[in-house]
Amino acid sequence: MAPDKYAPTQQESCTAPGSNRSWLSRRHKNQPQWNALGSVSFILISGGMSLAWGAGFAVHSAHLMTFHMEVSWYAAATLGAIIGALCTHRLPQQPVYIICSCLVLISGILFLVCHEHPEAIITARYLDGLANGLVFVPAMSTVGEISVCDMRGLLAATVEQLSCNTGILMQLLYTAVWQVDWNVTIAADQVHGVLSIVYGLVALALASTLCVESPVSLLLRANEQQAVAALRHLQRPYMVTSETLLQLDEHKHYVATNRGMSLWQSIRMGLPPLLKLLAHRSLNALCLTLVVWSALYETAVQVATHYHAWPYVIFGVMRWSGCFCVLFLMDSTGRKKPTLFGCFSCGSFALAFATLFGRTPHMKAALGLLFSLQFFAGLGQTASAVYLTEAFPLAIKPHYVAIVYVMELLLRFIFCSFAPSPAAIVAYFYVLGGLSMAFFFLGIFCLPETRLTTLTEAQQKFSKWFNKDF
């Protein structure tokens, strides 16, 4: 399809009136975009807790961890992702977010009230997994459509990566409390329930009051007036301005460009980014599995013989800090440099850890390497959330997002049944290090830099097999 001569250029759309203001001023102006996805953030925080729970950080639980209990969350999240892919851009988002918030709330109630019953815990994990899978695909498909381009990286990374890592950190923090046998009357599984209830209630309140539909979804349903109203509610002041109309033109161009492609063209154009993101997100999954927990436990018990709690806390803090420290670079330094630096560092520390693991005189160094690995895992994966919302053609975007998410879940699922020996842990980290290094070298030539680009331009960059821009 020939380019629309009236379509906004990158320079026009990403340097719209007022975009030279300070970061705080722009954040205040675009705060409604954060509010619109606030419910998603709290649902994904709950999901982060469940991810860590299934990866082994549930030794505080009153129940013997069974295979069914571990995999229930992943199975339900997979089903939710498939349903979410079918609903995205076809149904309004607000009812979906409200339903998911209620599922998290019910899951928390089951953890709180029925914490002594394994069947209730399994049911609660099914419900939380379904909520997370159901919300993940529409949220990551539309976050780039809701955000302005000079805040898209920060918003997408915060909603998905920071939220998930916050959930992991919360799980590890209260795990640490019960690791040291504090004299408390509330059971650890009940703490999990209380936190899930809080997340569910806050998500429900935000979804009911502040959720705004994606303007692109409305344009796909030929509701231009509603799209204008949505754009008006996504920026302060809540009125139609020249910037609003410029964003509307950009979205209309994005929709027209994608409608001009056949389904086969969309599938073919989405194949390069699909393979790149499958590789990227697979590394994310491999950095937090039952094997990684086993490595942490085996290393920590030899270093901290009397107080086992602090390694869990540092592990979670390091992962969260790695993500947080690059959030604000997504729209300035860009996505590619932090990703490559994080993957290279993660690979280096994984190989170093594999070399030292099991050598008793060097276990302190090995523990430090494992902490560093988690820091750079958080750092290197932050941009993957941004790439998910930018990479795929509109017609197949939710389906490809679902494929990437399901593959990530499948990898976690596989390692649930894996009881690693010390030799297997060493082999695992050698493989993780090798894959991270391979992704680093391929990423230099294949990953695009998409900061300050429109969704149309980012999509075109991703459609190429090779991108050497930085």
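Including glycine, each Cβ sits where the backbone N, Cα and C put it.
Here is what TrEMBL says about this protein:
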REGION    1-22  region 'Disordered'
COMPBIAS  8-22  compositional bias 'Polar residues'
TRANSMEM  36-59  transmembrane segment
TRANSMEM  71-88  transmembrane segment
TRANSMEM  95-113  transmembrane segment
TRANSMEM  191-212  transmembrane segment
TRANSMEM  278-297  transmembrane segment
TRANSMEM  309-329  transmembrane segment
TRANSMEM  341-359  transmembrane segment
TRANSMEM  365-388  transmembrane segment
TRANSMEM  400-421  transmembrane segment
TRANSMEM  427-447  transmembrane segment
Stretch with greatest number of CB pairs under 8 Å, the transmembrane segment (365-388) reference, 71-88, 278-297, 309-329 candidates: 309-329
Using a Cβ cut-off under 8 Å, which residues of the same chain at least 6 positions beyond either end of the transmembrane segment (278-297) come close to it? 51-52, 55-57, 70, 168, 311-312, 315, 319, 339, 343, 346, 353, 357, 367, 370, 373-374, 377, 380-381, 384, 387, 403-405, 407-409, 411-412, 415-416, 418, 420, 424-425, 428-429, 432, 435-436, 439, 442
Mind checking which residues of the chain, 6+ beyond the ends of the transmembrane segment (71-88), have their Cβ under 8 Å from one of its Cβ atoms? 47, 50-51, 53-54, 96, 122, 125-138, 141-142, 217, 397-399, 401-402, 405-406, 409-410, 412-413, 416
Going along the chain, which residues at least six beyond the ends of the transmembrane segment (341-359) come within the CB cut-off of under 8 Å? 283, 287, 295, 298-299, 322, 326, 365-366, 369-370, 372-373, 376-382, 422, 425-430, 432-437, 439-440, 443
